[in-house]
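Working notes, structure below.
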Amino acid sequence: MAKEKFERSKPHVNIGTIGHVDHGKTTLTAAITTILGHKGFAKAFKYDEIDKAPEEKERGITISTSHVEYETENRHYAHVDCPGHADYVKNMITGAAQMDGAILVVSAADGPMPQTREHILLASRVGVEHIVVFLNKADQVDDAELIELVEMEVRELMNEYGFPGDDAPVVVGSALKALENPEDDAATQCIMDLMAAVDEYIPTPERATDKPFLMPVEDIFTITGRGTVATGRVERGILKVGDEIEIVGLSDESKKSVITGIEMFRKLLDEAQAGDNIGALLRGVQRDEIQRGQVLAATGSVKPHKSFTGQVYVLKKEEGGRHTPFFNGYRPQFYFRTTDVTGSIALPEGVEMVMPGDHIDMKVELITRVAMDEGLRFAIREGGRTVGSGVVSEITE
């Protein structure tokens with residue numbers, strides 16, 4: 001049979017299953033692929049195929065993740081499922097598996113558990129804005145009032161972490177029953193209802209090319225008689241010759257310039273877009289007025305900041321991280337996009353020290369300003385080796 005071509009006719013959305021261990025995340029993932037597979041929208045994956053997730057290395061951190069894909073009438077989905085709790089923490093903080101939205105799986109028999117809370121908190125910190133709830137194992141609960149109680153608890157928990165808990169769709173069912181009886185419409189209805197809720201409630205993400213232009217500067221050189229060229233990979237947006245941009249970061253003032261030429265693979269371009277590796281010729285900018293670690297950005301779209309709160313995962317010794325804990329006032333380098341900037345950290349009240357393998361909210365004060373938005377990822381480095389990975393959850397100055 002000839003291989004099918006990947007059709008990009010439907011909008012693409014990245015989602016994932018989150019929730020407490022043994023509440024049925026992997027069973028649900030298997031059920032979704034199996035039931036959509038029966039309708040011709042997916043390749044069915046068995047529980048074991050999803051559960052034995054391959055280990056991946058992302059920024060030196062070992063993460064086990066399973067990726068499956070499937071379609072509904074309206075969309076194409078890439079879906080991630082992690083076997084272990086630590087894998088979720090690492091995945092969400094490093095952004096290894098991007099999620100535009102999530103399916104929170106809660107066992108109706110047990111109600112919200114510690115990791116339920118932790119995953120909701122993490123989702124709010126790393127910018128996952130839309131959560132659809134699946135109350136699983138409903139076949140184990142005889143009393144409808146108990147299910148209503150669990151639903152109320154989950155909605156309250158979501159409200160507590162800034163999600164619209166009262167508006168979030170909640171679907172009740174049994175992933176196992178659906179998986180075991182894919183032909184039985186009554187058993188599979190909960191999966192169809194869940195996917196309908198995901199289709200409707202999780203918005204199609206804005207494409208990278210629709211966002212304001214931004215390119216981290218990797219290198220700078222001078223072309224005699226033409227001016228200064230900054231090279232790098234366009235992170236988002238589109239850049240056209242004649243566009244006005246700002247050079248942001250590593251100083252308090254941003255400098256404006258106009259793009260007088262764009263080159264890619266030694267060919268001249270009229271416009272560059274997200275993903276392109278380019279050289280941009282800048283009008284009126286001297287070689288010493290721009291440096292690696294700054295960004296070129298659409299005017300007014302990004303500001304330089306020096307203090308922020310970050311959600312951080314600290315690498316374990318086995319991952320090449322520190323062998324010892326660190327304390328308040330620790331001063332490592334923070335690696336943003338293309339450069340290291342020294343900063344000092346303040347730990348939350350009541351936290352004396354941070355051990356390798358922990359994840360923690362910390363306040364960071366950098367010695368110089370860096371172009372940043374909430375949701376920007378960074379690495380924490382010490383003498384050139386990565387000891388932590390983080391995401392900016394709130395900018396304070």
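Sequential numbering from 1, following the chain as shown.
Each Cβ is built from the backbone N, Cα and C atoms, and glycine gets one as well.
For 10-206, the entry in Swiss-Prot reads domain 'tr-type G'.
Marked as region 'G1' by Swiss-Prot: 19-26. Sequence-distant neighbours of the region 'G1' (19-26) (same chain, 6+ residues past either end, Cβ-Cβ under 8 Å): 47, 50-51, 66, 81, 83-85, 104-107, 110, 112-116, 119, 136-137, 175-176.
Look at Swiss-Prot and you will find 19-26, 81-85, 136-139 tagged as GTP binding site. Non-local contacts of His85 (GTP binding site) by the CB criterion (under 8 A, 6+ apart in sequence, same chain) comprise Val21, Gln115, Glu118.
Neighbour list (Thr26 (Mg(2+) binding site), Cβ cut-off 8 Å, at least 6 residues apart, same chain): Thr17, Tyr47, Ile50, Asp51, Ser66, Asp81, Pro83. Summarising the annotation, Swiss-Prot assigns Mg(2+) binding site to Thr26 and lists sequence analysis as the type of evidence.
If you average pLDDT over the region 'G2' (60-64) in this model, you get 71. Sequence annotations record features per position, and here Swiss-Prot assigns region 'G2' to 60-64 based on similarity to another entry.
As annotated by Swiss-Prot, region 'G3' applies to 81-84, with the evidence given as similarity to another entry.
If you look up Swiss-Prot, you'll see 136-139 marked as region 'G4'. Break the region 'G4' (136-139) down by DSSP state and the numbers are 2 helix, 1 strand, 1 coil.
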Smallest number of other CB atoms within 10 Å: among the binding-site residues Cys82, Ala138, that is Ala138
Secondary structure at Cys82 (GTP binding site) (DSSP, helix/strand/coil)?
coil
Lys25 (GTP binding site) falls, by three-state DSSP, under helix
